[in-house]
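Per Swiss-Prot, these features apply:
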type    : residues           : note
BINDING : D39, N41, D43, D50 : Ca(2+) binding site
DOMAIN  : 26-61              : domain 'EF-hand 1'
DOMAIN  : 96-131             : domain 'EF-hand 2'
DOMAIN  : 132-167            : domain 'EF-hand 3'
Amino acid sequence: MAPKKAKKRQQAEGGSSNVFSMFEQSQIQEYKEAFTIIDQNRDGIISKDDLRDVLATMGQLNVKNEELEAMVKEASGPINFTVFLTMFGEKLKGADPEDVIVSAFKVLDPEATGTIKKEFLEELLTTQCDRFTAEEMKNLWAAFPPDVAGNVDYKNICYVITHGEEKEEE
């Protein structure tokens, strides 16, 4: 019975792929959680509607259909989890750790402002993956206070994560 289950699961994920060997199990789990957040209708495929919905939850209400189409067309077909993981694997090959983290934030910043809404980031960090505690959120906002519009500079956060100190103002 177990082999049948494994075969069905393999088919549901789009066949077997060595893409899973590119990542550690913990990384795969984190990508799965990100995929689940984006797959708003939970059908196992990321569509334009899923992207529109997740961007709307981040306050990006005026995303053009062409922009969504371009995002979806980066894949050769329907974006299931295996395709999603493969796309990330291709983008991250040989990437600098800071670039990897910035790229992850850029998914949440389609207008390329370099910022993300405080409320949205807090919701993600307290409800997904390794959930932040209230104390951890307090420390984050003390270290990286949002601007008056409630935006957080994620590039500075990425720099500190990878270099351990705050970047000098240019």
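Including glycine, each Cβ sits where the backbone N, Cα and C put it.
Where Swiss-Prot records a feature, it is marked here on the structure.
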residue : record              : Cβ within 10 Å
D39     : Ca(2+) binding site : 21
N41     : Ca(2+) binding site : 11
D43     : Ca(2+) binding site : 11
D50     : Ca(2+) binding site : 21
Helix-strand-coil residue split for the domain 'EF-hand 1' (26-61), DSSP-based: 23 helix, 1 strand, 12 coil
Other same-chain residues whose Cβ falls within 8 Å of the Cβ centroid of D39, N41, D43, D50, the recorded Ca(2+) site, in sequence order: I38, Q40, R42, G44, I45, I46, S47, D49
Same-chain residue ranges lying at least 6 outside the domain 'EF-hand 2' (96-131) that approach it to Cβ under 8 Å: 30, 33-34, 37, 55, 57-60, 63, 67, 137, 140-141, 146-147, 150-155, 157-159, 161-163
Local confidence of the domain 'EF-hand 1' (26-61) - pLDDT mean: 87
